[in-house]
Amino acid sequence: MLYHETFDVIVVGGGHAGTEAALASARTGQKTLLLTHNIDTLGQMSCNPAIGGIGKGHLVKEVDAMGGLMAQAIDHAGIQFRTLNASKGPAVRATRAQADRALYKAYVRDFLENAPNLTLFQQAVDDLIVEQDQVRGVITQMGLKFHAKAVVLTVGTFLGGKIHIGLQSSSGGRAGDPPSIALADRLRELPFRVDRLKTGTPPRIDARSVDFSVLEAQHGDNPTPVFSFMGDRTHHPRQIPCFITHTNEQTHEVIRNNLDRSPMYAGIIEGIGPRYCPSIEDKVMRFADKNSHQIFIEPEGLTTHELYPNGISTSLPFDVQVQIVRSMKGFENAHIVRPGYAIEYDFFDPRDLKQTYETKFIQGLFFAGQINGTTGYEEAAAQGLMAGLNASLFSQEKEGWSPRRDQAYMGVLIDDLSTMGTKEPYRMFTSRAEHRLLLREDNADLRLTEKARELGLVDDARWARFNQKIDNMEQERQRLKSTWMNPASTGIDELNQLLKTPMNREASGEDLLRRPEMTYDQLTSLTAFAPAIDDLEAAEQVEIQVKYEGYIKRQQDEIEKSLRHEHTKLPADLDYSDVKGLSNEVVLKLNTAKPETLGIASRISGITPAAISILLVHLKKIGMLKVGEENA
């Protein structure tokens, strides 16, 4: 049966990737359909109730800068906000917030239901309609056919999903939800490389059974940080603390004594788990010299008693989970509400993707989220936004777009995935970016909002706010540049109290702000340089841009040098065995990867600078490079 409407873009899956993909496509004016097996689980936080963190918070800010939803949702649902690495440099500072699961999901659903150009429909997808290597639509569980010019798959852990608790396993996409078996089988028929990954979740605890009097409280920051560039502290609900406990030798003994009942150690689970979020049994075995591990006790919301013990993800049997939980301080009488479990699922080698998230083998088919081997809500949201945008551009027969590595963590993400692939769940860190001084949380809008506006992703309200911030920054920098003091000026004693060495020559406000001991707040508290501007974001930019101006300029110069051939196109049909001088290894890797540009080719493992030089000469020979450009 054929559905009575056709669409420009269909998004399959309503998690963090799917919601951003659907909204991005709809924001650009394309007629978009979001298909989900259950409308009630749109925007659901399947694992930990938190958004952000090192590297992850940067992605959330970038999604927000391009008009995405995640930052606004957490601003309205966050029950504890903190800035991580607050004492370090601005490049590695990151925002993190605990979420009220119910508030978060409700905000996402409300936003989706009221989004122009977006239709929601509840049906699981079993099949793709593919004709002559181009996707034409999808077929649902009930045999309903939907036609579209582009399809985005954001299916999370549902493809061939298998849940493990102890030595027992069952099919499932997550606890309480069925897996997607038919679609997984269909995708395995297509020419993609497929493998298995694993992730897990801890048991949930009833807070009424916990003795908080013996636990260490961890409060949020005051004043609270804000995630969205359009956000405000007044959006935040009531703030509450998290708590900290620890595992101990008794905990570890319980785990060691029951490893034979672990599906991981019994060889039942084939998939590789996340390196940076290991199960408690993995931690105990890998770090055998440690007799304790810190566990963060995170509330799941303001209207529930459920707690999320971050750090004891496990697939051990339920009776062992009870022993583990009750061995920890404050949890001696704890009641488990939901057991922890591991889940295994299919993922597809992201090296089979273009930088637009379109698959190399099926035109118009895009993948985003855990299907690409990533882990985390934030990584999923970033991929979803970019895949939705590029699906929209594809449906309009326009050229796709993705940011470079030096423009955004979103650029680092797709570049890492599409050039190197991954053997384990991929998580973003600031250390993955070569140019992280330029890729800060605080300047995500300055890097991306103008481009997002050009692409149709940014509405008038956000655009007006962005331009007001730019104006405020420029005016304040000009004011500080043109305001001077000298050793004979009125107020010099007030200034010298803030300086390590007294001022002995004339200096502008910007000169003084460059001093390590001087902050913008201190400078503008002085009579000569008062008042500070009301726009706190603009004030922060003024301080960072002035203090780090030399370092920023140096990094920008390095980027310019490295970009000489970043976008030099490589022919899609080029047989690299025809390129004289390339080694057999390089030929094999290039013919397998089929990189779109020289920049991408240069980042494939084993591709040497010499090989790039040979390719430049070949491109010149076949007329795809201007004379002299190979030496540029």
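Each Cβ is built from the backbone N, Cα and C atoms, and glycine gets one as well.
Straight from Swiss-Prot, the features:
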type	residues	note
BINDING	GLY13, GLY14, GLY15, HIS16, ALA17, GLY18, VAL125, SER180, GLN370	FAD binding site
BINDING	273-287	NAD(+) binding site
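Annotated features taken from Swiss-Prot, shown on the structure.
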residue	record	contacts (Cβ under 8 Å, 6+ apart)
GLY13	FAD binding site	LEU35, THR36, LEU153, THR154, VAL155, GLY156, PHE158, GLY369
GLY15	FAD binding site	GLY43, GLN44, SER46, THR154, GLY156, GLY369, ALA380
ALA17	FAD binding site	THR154, GLY156, ALA368, GLY369, GLN370, ALA380, ALA381, GLN383, GLY384, ALA387
ARG275	NAD(+) binding site	GLU424, PRO425, ARG427
CYS277	NAD(+) binding site	THR199, SER313, THR375, PRO425, ARG427
SER279	NAD(+) binding site	GLY200, MET264, GLY273, SER313, THR314, SER315, ALA342
GLU281	NAD(+) binding site	ILE255, LEU259, SER262, MET264, TYR265, THR314, SER315, LEU316
MET285	NAD(+) binding site	ARG256, LEU259, TYR265
PHE287	NAD(+) binding site	HIS293
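For VAL125 (FAD binding site), applying a Cβ distance below 8 Å and a minimum sequence separation of six or more within one chain yields VAL12, LEU35, VAL138, ILE139, THR140, GLN141, SER180, LEU183.
Contacts of LYS283 (NAD(+) binding site) defined by a Cβ separation under 8 A and a same-chain sequence distance of 6+ are given as LYS290, HIS293, GLY311, in order along the sequence.
Residue environment of GLN370 (FAD binding site) contains 30 other Cβ atoms, counted within 10 Å of its Cβ in all protein chains.
Take GLY13, GLY14, GLY15, HIS16, ALA17, GLY18, VAL125, SER180, GLN370, the residues named in the record as contacts for FAD: the widest Cα to Cα gap among them comes to 18 Å.
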